[in-house]
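Some features that TrEMBL has for this protein:
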type: TRANSMEM; residues: 47-68; note: transmembrane segment
type: TRANSMEM; residues: 88-106; note: transmembrane segment
type: TRANSMEM; residues: 127-144; note: transmembrane segment
type: TRANSMEM; residues: 150-170; note: transmembrane segment
type: TRANSMEM; residues: 221-243; note: transmembrane segment
type: TRANSMEM; residues: 255-279; note: transmembrane segment
type: TRANSMEM; residues: 291-310; note: transmembrane segment
type: TRANSMEM; residues: 322-339; note: transmembrane segment
type: TRANSMEM; residues: 345-363; note: transmembrane segment
Amino acid sequence: MAGYEYVSPEQLAGFDKYKYSAVDTNPLSLYVMHPFWNTIVKVFPTWLAPNLITFSGFLLVVFNFLLMAYFDPDFYASAPGHKHVPDWVWIVVGILNFVAYTLDGVDGKQARRTNSSTPLGELFDHGLDSWSCVYFVVTVYSIFGRGSTGVSVFVLYLLLWVVLFSFILSHWEKYNTGILFLPWGYDISQVTISFVYIVTAVVGVEAWYEPFLFNFLYRDLFTSMIIGCALCVTLPMSLLNFFRSYKNNTLKHNSVYEAVVPLFSPCLLFILSTAWILWSPSDILELHPRVFYFMVGTAFANSTCQLIVCQMSSTRCPTLNWLLVPLFLVVLVVNLGVASYVESILLYTLTTAFTLAHIHYGVRVVKQLSSHFQIYPFSLRKPNSD
């Protein structure tokens, strides 16, 4: 298994023909962030590999997740009567979140600046972005938390899925149209949340207990913004882009079945994980919300990475992800009835297995493409220049 090759010869050949094609129409991105990133990228030395910038940003997102997990392990820290997260933590998380967002914006510019753009760089960037979704959403949850003034763990679970499906829609579009339409919600959410973290440090979490307008609470605004952005912006724009490609006869897949194949695994993951929550004899989501979110987010990231490989190599996306097999078996066992401690062990075991499997997938794919393109993933030196 250590030397298993996930990228097929057909896919490697497809990567050789790959040409980057993306459309960004977000005013915030075009008129504010891109000029800012164009200035920031000049600070980086030309010997710095773009993938190293990408990975550094991802590690900052993971650090924020771990830092908040330490100070708010069960999402009760922001509730009345509980020990709150220290103000300095909110400041650190806010700054690091914006830095991570900035690094994600300049890595591509560094690649073009150093003439080191490769399909591996795009795959590495978007693959880590797919895993960052769960880290980002779960960290944001601590602002409101659960309890009388917060959002229930099940509502947050549904909001997590809104974000996950919003993310994969962009890559589903590209799988069918050949063009990556960058979503508006990403830039807006990153800038907004970075600001909200800092504001939380200044005004305290108690400020979010108060109504935003009449009896409309800030937690309701938070929920409405996520759902509204997905339903009113992301989904309509995705369908519009798909329809335009259909009208122009430029779709890459002619049948409806082939067009929606990439959505099978994410949808089945949603069904199985939701069934586990509903059938859980020990109310597993209430007991271990952070671990459950992470398990779902990691499995989702793995399916999304497989989709990205296929859309970049112009090959067919797998119908189902094999990680769903052990999840199905666990849900089946849970439905038959198990003790609370056994269910917790199953969750932690499955989460560990998913994490190791996804890391193995990522490492092997990076090694395969690095070898194929004869490059070092974290250096601008060529192997034959040693």
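Glycine residues also receive a Cβ, built from the backbone N, Cα and C atoms like all the rest.
All TrEMBL annotations are machine predictions without curation.
When Cβ-Cβ distances below 8 Å are used as the criterion, the transmembrane segment (88-106) is approached by residues 33-34, 36-37, 40-41, 44, 53-54, 56-58, 60-61, 63-64, 67-68, 71, 125, 129, 136, 139, 190-191, 193-198, 200-201 of the same chain, each at least six residues removed from its ends. Same-chain neighbours of the transmembrane segment (255-279): 154, 157, 161, 164-165, 168, 171-172, 175-176, 285, 292, 295-296, 299-300, 303-304, 306-307, 310-311, 316-321, 324, 327-328, 330-331, 334-335, counting only residues six or more beyond its ends whose CB sits under 8 Å from a CB of the stretch. Residues 143-144, 151, 155, 159, 162-163, 165-166, 169-170, 172-173, 176-177, 179, 181, 183-185, 188-189, 212, 251 of the same chain lie 6+ residues outside the transmembrane segment (221-243) yet bring a C-beta within less than 8 angstroms of a C-beta in it. Panel annotation: around the transmembrane segment (150-170), residues 75, 78-79, 129-130, 133-134, 136-138, 141, 144, 180-183, 185, 219, 222-223, 226-227, 229-230, 234-235, 238, 262-263, 266, 270, 277, 285-286, 289, 292-293, 296-297, 300, 304, 307 of the same chain, lying at least six beyond its termini, place a Cβ under 8 Å from a Cβ of the stretch. By number of Cβ pairs under 8 Å, the transmembrane segment (345-363) is matched best by 291-310 from the list 47-68, 127-144, 291-310, 322-339. Long-range Cβ contacts of the transmembrane segment (291-310) within its own chain (Cβ-Cβ under 8 Å, at least 6 residues beyond either end) map to 6-7, 11, 123, 126-127, 130-131, 133-135, 137-138, 156-157, 160-161, 164, 167-168, 171-172, 175, 262, 265-266, 269, 273, 277, 284-285, 316-318, 321, 323-324, 327, 347-348, 350-351, 354-355, 357-358, 361-362, 365.
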